[in-house]
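Asker: Please read through the structure below; I'll follow up with questions.
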Amino acid sequence: VREALSSTDSRQERRIEDLLRDHRNRERTEAKVLTSDVERRCEENARTWISHAEEKARVMASRAEEQARVLASRAEEMAQASMCRAELAQSAAKTAEEQAQALVIRVEEVARSSASLAELAQSAAKNAEEQARFSVQRAEILAGKVEEEARVSAVNAEFLASRAEEQAQALASQADATAGRAEAGSSALLDT
């Protein structure tokens, strides 16, 4: 009877040990599955964050580049407009000088054709010379104004180009910072 009871107790103990071992194995398996699922979700979230950060950085860089192009194009247009004004001023000065020379030549021809109109011719020549001098002075003043406008426009264009470069650098820095924060967040999730 004692041997039978002892044998029964041994079987029960082994059965209990088997049950405990099976329970521990199930817990380990469930823990592994849960850990694997958490790691997978963390990796997916990290990839999503990184993808969003990279996309945002690309968009910001593209905007910065577009703004830089627009500002550079505007500066170039202003410079070209200033050059056109300078060319127009030079052309006006040249035309005024040619007209003055033509007027002087015409007066001289009239003076040669009639000796009786010598005094009138001299007066006309004097007036023509004064008009020519006045026209040249006006052309020089206009050329100076246009040259000053061209210089100011060039300075403004350089300032706009500098601002465009600074804005592009600032946006690029923001994009880098955003990508860095996203990477740090993904690393924190992976660590968790």
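Backbone N, Cα and C define each Cβ position, glycine as well.
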Asker: To which of the residue ranges 78-100, 101-123, 170-192 does TrEMBL assign the term region 'Disordered'?
Answerer: 170-192
Asker: Determine how many residues of the compositional bias 'Low complexity' (170-179) DSSP places in helix, in strand and in coil.
Answerer: 10 helix, 0 strand, 0 coil
